[in-house]
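Input: a single structure, listed below in structure tokens.
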Amino acid sequence: MSRPLRTHRPKWATRTVLLVLRRLAVIPIVLFALASLVFLAIRLLPGSPATSLAAGGNSLSAAEVSANEERVSRALGLDQPLLTQYGTFLDDLVHLRLGSSFYGSNSVLGLLADALPATIELTLAAMTVAVLLGVSSGVVAALRKGRWTDTVIRGVATVSFSLPWFALGVLGIIVFGVWLRWLPVLGRLPSSLNYHPTTNFVLLDAILQNRPELVWPWIEHLILPSVTLALSMAGFITRIVRASVLEVLGDDFVRTARMKGLSESVVIRRHVLRNAWLPIVTVLGLQFGSLLGGSVITETVFSYAGVGHLLVQGVLQRDYPVVQGAALAIALLFTLVNHAVDLLYTVLDPRIRKG
């Protein structure tokens, strides 16, 4: 009598599943801690939303403004003790109620649904540019170690890594928007196109709505913000890739591959880059958080209607629900990407797969 076949799940697969579950369990804790911090921080800032809402842009007397402020505070629950407000906030958060903006009563979820696609488009474009520039420059610098090419690449990488996003953005606007007039500098699309979003992802909407005329203006408006955001990250990636490739080039298996008569391009592509990718993947996950932080500044400089721009507007207006919702959206996106990078690392690293 034949025995039934037994299937064995590889150890690395089991560890990967456990890693994913552990990471997912951490997400609510991280979001809770961040939400509590944002809740407290925004209320410690000077100024109250009730004050600006009470004035309403009208020429009112001090007594009228004071009376309106009390009424607005009661309506928004801002007259309650801070601990009571915090309890209400946590109850809403557990039930996924992010509330509405103090200005216009727009749903925070609706505002995030409008803004998040723009931020995703911007960060993906910036990540793509940064990886292409950083990896190619880092490999060339490593292969040309000690030559003028290496010196120039390292110098440019250091400068781009050192310059703040705000300075890069303003410089890009002055050079390419004002002097050369090659690129648009504000917004996501020209208003003349009468864009009515379906998904708020412009490229996807261009396909769904059969509007190819949206694509090129969208790319034009995306170039300056994405390159501004990418340059700093590209400089950092260049340095990491150069160091990683130089380390791998000195390994025995690379010398063996060359002794077998393999061409230099094959050695670099199949042996060097494959083994140099592990530290690069780790860096990409860490740098994504920096990229999201930079998107707040970049979106503000270019008036790019993403979550970062929404967050800044909320802080300036003391719009508590908007600030809390935008901060949570950025934190959730960052956490999910980092967990995905950790998972990718376990797949790419043969020591984990075979361990």
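Every residue gets a Cβ built from N, Cα and C, even glycine.
Straight from TrEMBL, the features:
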- 20-42: transmembrane segment (TRANSMEM)
- 116-345: domain 'ABC transmembrane type-1' (DOMAIN)
- 122-143: transmembrane segment (TRANSMEM)
- 155-180: transmembrane segment (TRANSMEM)
- 218-237: transmembrane segment (TRANSMEM)
- 277-305: transmembrane segment (TRANSMEM)
- 325-348: transmembrane segment (TRANSMEM)
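A Cβ distance under 8 Å defines the sequence-distant neighbours of the transmembrane segment (277-305), meaning residues of its chain 6+ beyond its ends; these are 114-115, 118-119, 122-123, 126-127, 130-131, 135, 164-166, 169-170, 173, 185-188, 221, 224-225, 228-229, 232-233, 236-237, 240-241, 244, 311-312, 330, 333-334, 337-338, 340-342, 344-345, 348-349. The transmembrane segment (325-348) and the transmembrane segment (20-42) are in contact, since at least 3 Cβ pairs between them lie under 8 Å (pairs 6 or more apart in sequence). Between the transmembrane segment (218-237) and the transmembrane segment (20-42), the number of CB pairs under 8 angstroms, six or more residues apart, is fewer than three, so the stretches are not in contact.
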